Amino acid sequence: MMSNIHTNISEWMKMSEETPVIISSRIRLARNLENHVHPLMFPSEQEGYRVINEVQDALSNLTLNRLDTMDQQSKMKLVAKHLVSPELVKQPASAVMLNDDESVSVMINEEDHIRIQALGTDLSLKDLYQRASKIDDELDKALDISYDEHLGYLTTCPTNIGTGMRASVMLHLPGLSIMKRMNRIAQTINRFGFTIRGIYGEGSQVYGHIYQVSNQLTLGKTEEDIIDNLTEVVNQIINEEKQIRERLDKHNSVETLDRVYRSLGVLQNSRIISMEEASYRLSEVKLGIDLNYILLENFKFNELMVAIQSPFLIDDDDNRTVNEKRADLLREHIK
């Protein structure tokens, strides 16, 4: 019986068609409470639980999930779905509040007391900001948020002071990556206050030619400025990726076709495969589909990139290794 990978991803991601380059977009707002020390300085776990209770009371329309009541596998599933950060999982008194389709998550007691996230599948940062801002307004009505008239919102990390906003877009960039253009792009956008990271943010590894592009600074900038500037940067990167793909198709079609079919062969025939190799093979097959080299019915890149992660493969009643189960899953779904 074929495994149902559709159950692994959030409802918001199921609702939209996959695009050649944009995987997802996110707006994150960092907020702190005036009457509590910052989470990294909590004198006891009880202080963290008090913050959780206050935020829960302020956001009664969201569902609370306390991480200290979850097993490690359940926590890592939330990380894989980008609903919480790896850092939140490490905190002893932490929680996340979610809406029904998981397009909104509110992390409690990570680096800051509150981190509001709004998630979407296209370049709709302004809409996402409006959604996050509504949550922020609810918190502001019920809680005493740390704010300075001259500096703006006060955050644990100095780079977040100001709007407290991080806007980011996840991009699939196999062309630029294969042609080794990513370092140059990263250096260029860094000069304008933007950065490129792995799929889980700062310090994380790049999998499957997927990169996260985000703003670095918020002080002295409005939310609209950050969104407009990031949108412009992302559109420039997308255009470069499209140009590279056209060049690969026109001038390196045999090599590109070979790369695509080699990856397809590996995915369809492997009995053992690592997360890293699987992600890059999937990326190259998606490139082949986007270039109309191959046609695979029901190929869901975003869903597979979630499903191949270890938290969704671990099963105490199954004696296969994770790498074996990953290979079996990919053979089932790529035909």
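Each residue's number is its place along the chain shown, starting with 1.
Here the Cβ of each residue, glycine as well, is placed from N, Cα and C on the backbone.
Features of the protein shown, as given by Swiss-Prot:
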DOMAIN    21-244  domain 'Phosphagen kinase C-terminal'
BINDING   24-28, His82, Arg115, 166-170, 197-202  ATP binding site
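According to its DSSP assignment, Ile27 (ATP binding site) is in a strand.
Sequence-distant neighbours of Ile27 (ATP binding site): residues of the same chain at least 6 apart with a C-beta under 8 Å from its C-beta are Gln117, Ala118, Leu125, Leu128, Tyr129, Arg131, Ala132, Met165, Arg166, Ala167. Around the Cβ of Arg197 (ATP binding site), the number of neighbouring Cβ atoms within 10 Å comes to 18.
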